[in-house]
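Novice: Quick one: this structure, given as structure tokens, is what I'll be asking you about.
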């Protein structure tokens, strides 16, 4: 997610099996790529890292592999296939949409890179002018949930070898952390909480970075996975509760209950005391918790807007628009590969954090009617075209069938 425009190159992907997989695959893939200011690294099928090179061109990301969509609540459900149903025969429309959704997912890095820049600039001006109260328009709890969600999703997508998503989430962690630093400087976030957040962010980025390059001990990685599972499950109910203080009692009881429950579940899973379904559920829960943390960021922001409408001028309309665009660009890919969790997270980010906050800004006369209507109509048209093209590519009779397959399976 945040300088200059990204320039992408072609990414040929090759698997070691003749069968096709989702982009969310547990197998190693050889990548030759260019990625945004972060270098797109290449991994061979044998698991060794090789830097194939960095190229800069005006072309968008392009995938040379083919995908067979299946319904999945998680990327874990993706599986290889040897043959495709008749309605998924790879005609011209299917191939074009495969390529386009990949380009959209890669292009999402542009708005995500720029997402927090307007807010960071606005915060800097307010800090320099001594207008620290304007920073109260940004709920630090909401930013914290978004940051922890991004950090957890970095680990989730690293396991799936989905490099583009890893870069997006890493940029989100960094840019959100900069905003939280400004909040701490403006005393809009408690200093002890900021220090604790800084330690977690630094540790998480180092561990994820070393895991990406296969330099991390497996036991340490498993410990980190357990940590983010416990932290996510503990943080989510506590943050949800704290958002509505003082309308609810100020207590840490929700977090304590969730923490104890999460620790017991993780210990039982590591000791092999859980049934097979329980182990699978624990494998999915960190990803879903991270998604829910990210989703709650929008709820916290909109709640703050309702409670303190005078502070809404502290929000950047450009940031909200970029949030809507960035998440919106991920929706076609999530729908195409039938990853329900990714679709829900991206859709929620577009509708509630992006478009929803634009509604708040419009209602309080912080943006013009023309700006709001143009954003709204463009977003609705994008969603309509996404479902129409997906149904057309898969040979489905109705765009609603794509949604049905996403949620319930083909």
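Including glycine, each Cβ sits where the backbone N, Cα and C put it.
Values in this document were obtained by computation on a predicted structure and should not be read as measured data.
What TrEMBL records for this protein is below:
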type: TRANSMEM; residues: 137-158; note: transmembrane segment
type: TRANSMEM; residues: 165-185; note: transmembrane segment
type: TRANSMEM; residues: 191-209; note: transmembrane segment
type: TRANSMEM; residues: 247-269; note: transmembrane segment
type: TRANSMEM; residues: 281-303; note: transmembrane segment
type: TRANSMEM; residues: 315-335; note: transmembrane segment
type: TRANSMEM; residues: 342-365; note: transmembrane segment
type: TRANSMEM; residues: 371-388; note: transmembrane segment
Novice: In terms of Cβ proximity under 8 Å, which residues at least six beyond the ends of the transmembrane segment (342-365) contact it?
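Specialist: For the transmembrane segment (342-365), the list is 75, 165, 291, 294-295, 297-299, 301-302, 305-306, 309, 312, 315, 317, 320-328, 330-331, 333-335, 371-372, 375-376, 379, 406.
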Novice: Do the transmembrane segment (191-209) and the transmembrane segment (137-158) share at least 3 Cβ pairs closer than 8 Å, excluding pairs fewer than 6 residues apart in sequence?
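Specialist: Taking Cβ pairs at least 6 residues apart, the transmembrane segment (137-158) and the transmembrane segment (191-209) are in contact, with 3 or more under 8 Å.
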Novice: Using a Cβ cut-off of under 8 Å, list the residues of the same chain at least 6 residues beyond the transmembrane segment (315-335) that approach it.
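Specialist: For the transmembrane segment (315-335), the sequence-distant neighbours (Cβ-Cβ under 8 Å, at least 6 residues beyond its ends) are 1, 23, 97, 100-102, 104-105, 107-108, 110-112, 114-119, 121-122, 137-138, 168, 301, 305, 342-343, 345-350, 353-355, 357-358, 360-361, 366-367, 371, 375, 379, 382-383, 386-387, 389-390, 402, 406.
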Novice: Under an 8 Å Cβ to Cβ limit, what residues of the same chain, 6 or more beyond the ends of the transmembrane segment (137-158), are close to it?
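Specialist: Same-chain residues near the transmembrane segment (137-158) but 6 or more away: 1, 119, 123, 165-166, 169-170, 172-173, 176-177, 179-180, 183, 188-190, 193, 197, 200-201, 204-205, 207-208, 211-212, 224-225, 228, 231-232, 235-236, 239, 242-243, 286-287, 289-301, 303-305, 308, 311-315.
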Novice: Can you name the far-off residues of the same chain, 6+ from the ends of the transmembrane segment (247-269), with a Cβ under 8 Å from a Cβ of it?
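Specialist: Sequence-distant neighbours of the transmembrane segment (247-269): 226, 229-230, 233-238, 240-241, 278-279, 282.
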